[in-house]
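Have a look at the structure below before the remarks.
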Amino acid sequence: MISLLRLCSFLAAGSILVQGSPIIAPSAPTWDTPNNFTSPSNFTSKPGNEASPFWLIGHRVLTKGGVRAALGHGANALEVDITGWWNGWYGDHDGLPSSAGDKVADLFDEIAYRRRQGAQVSFVWLDLKNPDFNKNGVNIVSLMTLCREKLEPAGVRVLFGFYSSQTSGHAFRFVKQVLNENEAIGIDGSFEPVEKDFEKNGIRVEKRVFSSGLFNPDFNFGTCQDRASGVCTQLREGKESHKFGKVFGWTVSSYTRKDHVYKMMEVGVDGLIYGFVASHYYNHKDIRQTIRTIRGWLDEHRDTHRLATNDDNPWSMSSRKSS
């Protein structure tokens, strides 16, 4: 629990330009941490086999229909783009007047319901588009409260996803202070700066998630063995460093070269975001084909890899037991 005095010290006045969105958060935020800001516990713990668990992460799940489609396709984690608006948090990638999907509260209710019905949904990755937004009570505290009231009691863990450019903001500093055993923090970017950010902020290795990718990784894939900026190289360096609890790549679509998909998996990524490049998730033959590609590699390597289940804890170094 973080003290109110310490929390207020994070929230110094100053205008915050919201990245990737025309929305501007007001200066001088005033966030209050609820008194019942606790860590729900509804997680099972059962050792699996020694094969490494792999997360198949549905991309841009912005509607309740997208939740149902992704879980029906076999996704075991969901990536939800999150944008704050004056009237609430929404599943929204672009932050435009016509781009919002469902309210986050409704999305979380749907995910929790599916999890309680037996769906394999290990965690929700919150891709935070304007994490420092703060208006009408819509701020990072209210978002985390939704996670802890709706997702976590159902057994769904949470990944708070930031970009390297957002790590100096109020939201990042708040989240890192109050992470519970069901939550982790992710930074997307290049390996070396991300590793330095995590070290500087004193975040435990098992709570660190490094991600690297491109809307089409083929455009800057690299050789996987070079020291350049290619996506595959960044992922390989992240895994070999042992500086992160998990390493995820993105975005695999029906247009991604099959050999590139396989190479990302061969360097040891713990999961891949898959789906459409520029649209929200829904049932479509292209998405189903992408899943077949990823699962094809898993089938060929079943002695060493398997799809993660709800019993696998992504925020544990062993990945097989709850914290």
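Including glycine, each Cβ sits where the backbone N, Cα and C put it.
According to Swiss-Prot, the residue from D127, D132, D188, D197 that belongs to the Mg(2+) site alongside E79, D81 is D127. Cβ environment of E79 (Mg(2+) binding site): I57, G58, H59, R60, V61, V124, W125, D127, G161, W250, I273 lie under 8 Å away, each six or more residues apart in the same chain. With helix defined as DSSP H, G or I and strand as E or B, the motif 'SMD-tail' (308-315) counts 0 helix, 0 strand, 8 coil. Shown in sequence order, R60, L62, G91, D92, H93, D127, K129 are the residues of the chain, 6+ apart in sequence, with a C-beta less than 8 angstroms from the C-beta of D81 (Mg(2+) binding site). Cβ proximity to the Mg(2+) site centre (mean Cβ of E79, D81, D127, cutoff 8 Å) flags the following additional same-chain residues: H59, R60, V61, V80, I82, H93, W125, L126, G161.
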